[in-house]
Amino acid sequence: MTAPLIVICGATATGKSGLALKLAEKLDAVILSADSRQIYKEFDIGTAKPTPAEQQSIPHYLIDICEPTETLTLAEYQAQAQALIAQFHAEQKPVLLVGGTGLYIKAITKGLKIPRVAPQPDLRQQFTDLGQAYSYQLLRQVDPEVCQKIHPNDQVRTLRALEVFYVTGEPISSQQGENSPTYSILEIGLDCAPDHLDQRIRQRTQQMVDQGFVAEVERLGKKYGWDLPLLNTLGYAEFRDYVRGQGTLEEAIANTVLHTRQFAKRQRTWFRANPDIHWLDNTAPDLLEQALNLITQQ
């Protein structure tokens, strides 16, 4: 029996999308993206977004649902994902939730209770003008508990926590909880030895360049302005600097590889803390068969 929801998770460059495409074909399933950057239109190469051909062969959802200048809250993502899951469950269609954004996945698998506070552009701009360091220190004063879960450089989550506090008068940490779904969930995680993952990260970064990533960054910067928050995210920030004459292409590649390795380590730590995940070695020649066995055992 196929689980109503199958999660494919893990660090970046572990082959989640590749496995998901094969599983979807075998199971006649749909794919829901759990990637906080693939939701944005035009940010394609740097987010390793499924190609148009892949999206045409297998139905994909929660990709290209926002303009680059828009903000999608975790609550909004959760609501859209839950609605799609309910729709496909009613149609008895298997659903694959695929990605490396741990909070997106947890919002679905654990049914996180999330404050329904709409984005506050003016308030966010005020905090942005004050700078990330100051904003984070302010958050530490009003909600020290949530600061334990937010990196000092994570501007998006810092601003979200601050706006929730200033709109509701209560820390976001006191408004969060869990309400787990009633349907069954199978979580499959992909992992491999660190040296193999390093090699995959290097290969992916070079592939991004070969696919035209420099041109993508240049086009986005000219269209939306170089201070667009998305251009300050992994990969885009390093190549933005190169496009603007700060450093060489080789340095942009090296910095992207380094920062991606660091990011992958944080992702791995997050997912490894979840005891519900069934881990598979992505180098196994029978990876697809192992995954299918887990699914049919549910």
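Each residue, glycine too, has its Cβ placed from N, Cα and C.
In sequence order, A48, P50, E54, V98 make up the list of same-chain residues 6 or more apart from S17 (ATP binding site) whose Cβ falls under 8 Å from its Cβ. The ATP binding site feature in Swiss-Prot is assigned to G10, A11, T12, A13, T14, G15, K16, S17; the stated evidence is sequence analysis.
Taken from Swiss-Prot, the feature substrate binding site applies to T12, A13, T14, G15, K16, S17. Within 10 Å of the C-beta of G15 (ATP binding site) we count 15 further C-beta atoms, all protein chains included.
Summarising the annotation, Swiss-Prot assigns region 'Interaction with substrate tRNA' to 35-38 and lists sequence analysis as the type of evidence. If one looks beyond the region 'Interaction with substrate tRNA' (35-38) by at least 6 residues along the same chain, the residues whose Cβ comes under 8 Å of a Cβ in the stretch are 46-47, 49, 62-64, 77, 99-101, 103-104, 230, 233.
The number of other CB atoms found within 10 A of the CB of T101 (site 'Interaction with substrate tRNA'), across every protein chain shown, is 20. What Swiss-Prot lists as site 'Interaction with substrate tRNA' is T101.
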Among T12, T14 [binding-site residues], residue with fewest other Cβ within 10 Å: T12
Intrachain C-beta neighbours of K16 (ATP binding site), sequence separation six or more, cut-off 8 angstroms: I8, C9, G10, V98, G99, G100, L190
For the ATP site built from G10, A11, T12, A13, T14, G15, K16, S17, further residues of that chain with CB within 8 A of the site's CB center: G100, L190, R200, N282
Output field, substrate shell: CB within 8 Å of site CB centroid, site T12, A13, T14, G15, K16, S17 dropped: G10, A11, G18, A48, G100, L190, R200, N282
Cα-to-Cα gap, T14 (ATP binding site) vs T101 (site 'Interaction with substrate tRNA'), nearest whole Å: 13
